[in-house]
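Enquirer: Below is a structure I'd like to ask you about.
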Amino acid sequence: EPAEERDAGNHTLLTDFVLSGLSSRPELQHLLFFTICLLYSMTLFGNLLICMVTVHPALHTPMYFFLRVLSFLDISAASVVVPKMLVNLLSEDSSISYTGCVTQLYCVVFLATTEWYLLAAMAYDRYVAVCSPLRYAAVMNTRVCLSLVLLSCCGGNVVSVVQTAWVFTLSFCGPRRIDYFFCDIPPLITLSCTDTSRYEKQIISATVLVIFTPFCLILLSYACIISSILKISSAESRHKTFSTCSSHLTVVTLYCASGTLIYLQPKSSNSQDTKKILALVYTTVIPTLNPLIYSLRNKEVKEVLIRVV
């Protein structure tokens, strides 16, 4: 029901929402359940394996410390969304409480934003390692690494608190059905019976702040890295250095592409099914791929993994 056609005098205090899920076709529910359950299991197994492998003494470097934190964030992000989605696929009751929706939105935004800032920190780590190898140990010491992770978490918390507070200060009326499989900003603001044009502009500004600012810093870091790699005389050394950096760049590209298409235009012409697919990739598929990208393309991780096994 269009917002302008709703009766402003009939607003009710919502105590819960209903999640429509991935698909309204009953014959697909079990297939989706087993597929997503498999992806979630792979996410948990792969990222837990990365967390365990990177504590090996041979991998005690800042790059693997950041990778371990990224794996923990991937597990957390998937666990915020997927278990509830799996329950809803097999249950007739797909409701989520108002408090549960607030909590889920806060966690989703916090973890996604923190991951973005962490990816920027990892790009800085690669920049120092390639462009200033003699100063790498001094620059990227334990204190600096912990500070970068803490700053990433603080930035994610600030963005999440502001975004969550702004969304739930909107007036919700009429239908309580969220055409999505978890509580996220774009589907929630479509339920508001107030004018959201200013808020949509704010979302675009936040997207630029959260995604494009770190992305530009990452591109700047890799421009310097590529310039340094091209100066290396040995072809084998060039290949090894670029291979280490390409894994991180692949992950950044996946996050940027899916995140931008979801949040840059909250009321874009993209169909809701397309947005659901993009959100599924962002919350489920990418966390599954990250361990594969970092382990299969990294000789040191593969050697330690074989030793551990």
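Every residue, even glycine, has its Cβ placed from backbone N, Cα and C.
Straight out of TrEMBL:
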| type | residues | note |
| --- | --- | --- |
| DOMAIN | 46-294 | domain 'G-protein coupled receptors family 1 profile' |
| TRANSMEM | 31-53 | transmembrane segment |
| TRANSMEM | 65-83 | transmembrane segment |
| TRANSMEM | 103-124 | transmembrane segment |
| TRANSMEM | 144-168 | transmembrane segment |
| TRANSMEM | 203-230 | transmembrane segment |
| TRANSMEM | 242-265 | transmembrane segment |
| TRANSMEM | 277-296 | transmembrane segment |
Enquirer: Looking only at residues six or more beyond either end of the transmembrane segment (242-265), which have a C-beta under 8 A from one in the stretch?
Expert: 63, 112, 115-116, 119, 122-123, 126, 130, 184-186, 203-204, 206-207, 211, 215, 218, 222, 225, 229, 275, 278-279, 281-282, 286, 289-290, 293-294, 297-299
Enquirer: Can you name the far-off residues of the same chain, 6+ from the ends of the transmembrane segment (203-230), with a Cβ under 8 Å from a Cβ of it?
Expert: 112-113, 116-117, 119-120, 123-124, 126-127, 130-131, 159, 162-163, 185-186, 189, 238, 241-242, 245, 249, 252, 256, 259-260, 263-266
Enquirer: Quick one: do the transmembrane segment (144-168) and the transmembrane segment (65-83) reach 3+ CB pairs under 8 Å, ignoring pairs fewer than 6 apart in sequence?
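Expert: These two stretches do touch.
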Enquirer: So what's the mean pLDDT when you look at the domain 'G-protein coupled receptors family 1 profile' (46-294)?
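Expert: Here the predicted model's pLDDT, averaged over the domain 'G-protein coupled receptors family 1 profile' (46-294), is 84.
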